[in-house]
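From Swiss-Prot, here are the annotated features:
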BINDING   LEU6, ALA8, GLY9, TYR80, ASN82, SER85, ALA101, TYR185  CDP-choline binding site
BINDING   ASP102, GLU211, ASP213  Mg(2+) binding site
Amino acid sequence: MKAIILAAGLGTRLRPMTENTPKALVQVNQKPLIEYQIEFLKEKGINDIIIIVGYLKEQFDYLKEKYGVRLVFNDKYADYNNFYSLYLVKEELANSYVIDADNYLFKNMFRNDLTRSTYFSVYREDCTNEWFLVYGDDYKVQDIIVDSKAGRILSGVSFWDAPTAEKIVSFIDKAYASGEFVDLYWDNMVKDNIKELDVYVEELEGNSIYEIDSVQDYRKLEEILKNEN
């Protein structure tokens with residue numbers, strides 16, 4: 001079991017905080033966001049960790065010595081969405097977590113006993129243009145829709161078993177060959193082909209994970225953490 005952390009982006013909506021710092025290295029309680037993820041993974045014995053870097057990539061170098069992670073450079077980080085980041089490490093997808101680096105994890109939700117492809121999901125209200133999971137009592141994902149409502153969303157943490165990963169890689173290769181991937185997120189490979197995939201939902205408590213997508217999100221997280229202490 002391994003983990004792929006997507007950390008190549010510009011973090012434009014977090015400016016000015018990301019003018020000189022990658023979003024994944026923005027500090028929360030005096031620790032970079034990505035270090036919470038790495039340490040939680042290692043707590044569960046998941047030590048093979050690949051970080052896709054791009055913007056200000058040299059700032060991630062210290063993580064190699066501190067945690068023994070692997071860094072992969074996405075030289076197209078300013079041109080494409082995260083589809084290309086996953087394309088670069090597609091052969092690593094089997095039996096791997098895929099994690100968005102802009103998530104603050106309140107607790108360790110990682111499991112080292114997963115055997116099936118899983119989207120970890122929190123319930124959110126008043127969402128705008130969010131990706132929602134549609135599933136039944138068996139927790140198998142039937143559809144992924146983009147909507148503005150309340151419900152369980154893609155939360156930036158997923159796990160992919162080998163058979164599902166093999167299919168996703170074929171979808172990635174097809175999209176790459178077509179050249180029509182500039183605006184794609186890697187999750188489009190799942191969303192657009194969900195009827196061919198066996199993917200399940202792991203429901204998380206609402207206070208498990210928090211996406212930092214803007215300065216307002218960051219300030220809100222600061223308030224949440226202050227009230228917890």
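Just so you know, the numbers here start at 1 and follow the chain as drawn.
A Cβ is built for glycine as well, from the same backbone N, Cα and C atoms used for every other residue.
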On a count of neighbouring CB atoms within 10 A, which of the binding-site residues LEU6, ALA8 is highest?
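In terms of Cβ crowding, the pick is ALA8.
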Most Cβ neighbours within 10 Å: which of the binding-site residues ASP102, GLU211 is it?
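Within the set of binding-site residues, the most crowded position is ASP102.
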I need the CA-to-CA distance for SER85 (CDP-choline binding site) versus ASP102 (Mg(2+) binding site), whole Å please.
15
Report the largest Cα to Cα distance, in Å and rounded to a whole number, among the residues LEU6, ALA8, GLY9, TYR80, ASN82, SER85, ALA101, TYR185 that the record lists as binding CDP-choline.
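Pairwise Cα check on LEU6, ALA8, GLY9, TYR80, ASN82, SER85, ALA101, TYR185 gives a maximum of 17 Å.
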Which one of these binding-site residues, ASN82, SER85, has the sparsest Cβ neighbourhood, judged by other Cβ atoms within 10 angstroms?
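If we count Cβ atoms within 10 Å for the binding-site residues ASN82, SER85, the smallest count is at ASN82.
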For the C-alpha pair, I'd like the distance in angstrom between ALA101 (CDP-choline binding site) and ASP213 (Mg(2+) binding site), rounded off.
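Distance between the two Cα atoms comes out at 11 Å.
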What subset of the binding-site residues LEU6, TYR80, ASN82, TYR185 lies within 10 angstroms of ASP102 (Mg(2+) binding site) at the C-alpha level?
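Cα within 10 Å of ASP102 (Mg(2+) binding site): LEU6.
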For Mg(2+), what surrounds ASP102, GLU211, ASP213 with a Cβ no more than 8 Å from their Cβ centroid?
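Counting only non-site residues, the set is LYS23, ASP100, ASN103, GLY156, TYR210, ILE212, SER214, ASP217.
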Using C-alpha atoms only, work out the spacing between TYR80 (CDP-choline binding site) and ASP213 (Mg(2+) binding site) and round it to an integer in Å.
18
Check the Cα-Cα distances from ASP213 (Mg(2+) binding site) to the binding-site residues LEU6, ALA8, GLY9, ASN82, TYR185 and tell me which is shortest.
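Result: the closest of the binding-site residues to ASP213 (Mg(2+) binding site) is GLY9.
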For ALA8 (CDP-choline binding site) and GLU211 (Mg(2+) binding site), determine the Cα separation and express it in whole Å.
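The Cα atom of ALA8 (CDP-choline binding site) is 16 Å away from the Cα atom of GLU211 (Mg(2+) binding site).
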